[in-house]
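Student: Quick one: the structure is below, questions incoming.
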Amino acid sequence: MGSRWSSEEERQPLLGPGLGPGLGASWRSREAAAALPAAVPGPGRVYGRRWLVLLLFSLLAFVQGLVWNTWGPIQNSARQAYGFSSWDIALLVLWGPIGFLPCFAFMWLLDKRGLRITVLLTSFLTVLGTGLRCIPISDLMLKRRLIHGGQMLNGLAGPTVMNAAPFLSTTWFSADERATATAIASMLSYLGGACAFLVGPLVVPAPNGTSPFLTAESSRAHIKDRIEAVLYAEFGVVCLIFSATLAYFPPRPPLPPSVAAASQRLSYRRSVCRLLSNFRFLMIALAYAIPLGVFAGWSGVLDLILTPAHVSQVDAGWIGFWSIVGGCVVGIAMARFADFIRGMLKLILLLLFSGATLSSTWFTLTCLNSITHLPLTTVTLYASCILLGVFLNSSVPIFFELFVETVYPVPEGITCGVVTFLSNIFMGVLLFFLTFYHTELSWFNWCLPGSCLLSLLLILCFRESYDRLYLDVVVSV
């Protein structure tokens, strides 16, 4: 790959005769050694336009998350306006995990055609999806089908916005900015989903929140008009982002920012085989997929779980919102810390999952206050839930960076694609199960500390390696 970055005159060996094996040899695996470019560009160069590329990608991830979570916060209004059933509402959410079924096709496209083509296709899918939802049709049955089709197309955009962040950061950013760029690009999708809790309820009135002077039919029409205003606004924003991406989103900079960005990678088939046969990768992949899948399913029924504690649906929504926002802020801060203190990803994950295990145990025992006699107050519920969300959500970019370091030189998009595919399949099955069996959810609270503790043990037993970092820190000297 590195031979396409520059001309023949610019490609010079980085290692002189005096800089051979020795330094940092324990860090380097045989695969990383094979990935060493025989001749790569000189010292890595970064370009100011990298922040524009990151901004465009992050905005795309933000609106994809926003569109995915359009219906959850306004489900009661949507039921009245369009006649959605409980199954319809559940399916509108499930289109997100279902969209990851063709994840391997998007991984192949990212590996073979690069970042620009993949991002353009992804943004075009969001344009089609949001456009379908805006088609003015009076037939409610057909309208519901169009909305489902739009949510499905938006779900198909999920694999790229969730998987391509490490690929983008490696392609455009230097080694001391990669984790931060990965965090920003991957966290904005979560932030978009959180902002849906604000946008929907602020614009769309609840069925009992319309004017008392309006008839039932007028109330339904008013709610439908407000929902369509949200749909048109989201469609307009998506079109703007697609136009900006079409106008300027280069596949790569003129010169690579690091040695790792210019090095040779494994083929698509060899990469998938390597991932599925790598025990260390599968161990850390399970440490990521299990707790985050359980947390996603738990968050989806948080209002039902908190109902026995007399917490309203509105308060449950605010708890979910602040846990995601806090996770985004802490995740970016942790990633920035990881850029300054390199080789500490495992330690950061141990700290985060220790906090997640303690906070989830606190929440579970608080809900059993009749046995534990712990104070069951709004403050304790808010604190334990938000802390749990902060610890788990902020671990996502750290996991992504550790995945890439562990299996390098497997391409970043393929590595994260396999992991997010496993996580979303696990989350989809769990949400599907909870859709039909949600009458008794007290057992679900115990799944949280159990999954966090299991992940903590897997991370503790995991032997970390930093093959990609070796290339940038040692070889480029």
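Just so it is clear, glycine is given a Cβ too, placed from its N, Cα and C backbone atoms.
Automatic, uncurated: that is what TrEMBL annotation is.
Remember, predicted model here, so these are calculated numbers, not experimental data.
Taken from TrEMBL, the feature transmembrane segment applies to 51-68, 89-109, 115-135, 183-204, 229-249, 279-298, 318-335, 347-365, 381-404, 416-437, 443-462.
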Student: Top stretch among 115-135, 318-335, 347-365, 443-462 for CB pairs under 8 A with the transmembrane segment (183-204)?
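Tutor: Ranking 115-135, 318-335, 347-365, 443-462 by Cβ pairs under 8 Å to the transmembrane segment (183-204) puts 318-335 first.
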Student: Any chance the transmembrane segment (347-365) and the transmembrane segment (443-462) have 3 or more Cβ pairs under 8 A, given the pairs are 6 or more apart in sequence?
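Tutor: These two segments touch.
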Student: Between 229-249, 318-335, 443-462, who has the most Cβ pairs under 8 Å to the transmembrane segment (381-404)?
Tutor: 318-335
Student: Which sequence-distant residues neighbour the transmembrane segment (318-335)? Criterion: at least 6 residues beyond either end, Cβ under 8 Å.
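Tutor: Same-chain contacts beyond the flanks: 179-180, 182-184, 186-188, 190-191, 193-194, 197-198, 299, 302, 306, 311, 348, 352, 381-382, 385-386, 388-398, 401.
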Student: Mind pulling out the one from 51-68, 115-135, 279-298 with the most Cβ pairs under 8 angstroms to the transmembrane segment (229-249)?
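Tutor: By the under-8 Å Cβ criterion, the transmembrane segment (229-249) pairs most with 115-135.
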Student: Should anything in the same chain at least six residues away from the transmembrane segment (279-298) have a Cβ under 8 Å from its Cβ atoms, list it; otherwise answer none.
Tutor: 305, 349, 353, 356, 388-389, 392, 395-396, 399, 402-403, 406-407, 415, 418-419, 422-424, 426-427, 430-431, 434, 444-445, 447-448, 451-452, 454-455, 458-459, 461-463
Student: Quickly jot the same-chain residues contacting the transmembrane segment (51-68) by Cβ under 8 Å, restricted to those at least six beyond its ends, or write none.
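Tutor: Residues 93, 95-96, 119, 122-123, 126, 129-130, 151, 154-155, 157-158, 161-162, 164-165, 168, 172-173, 181, 184-186, 188-196, 199, 234, 237-238, 241, 244-245, 248-250.
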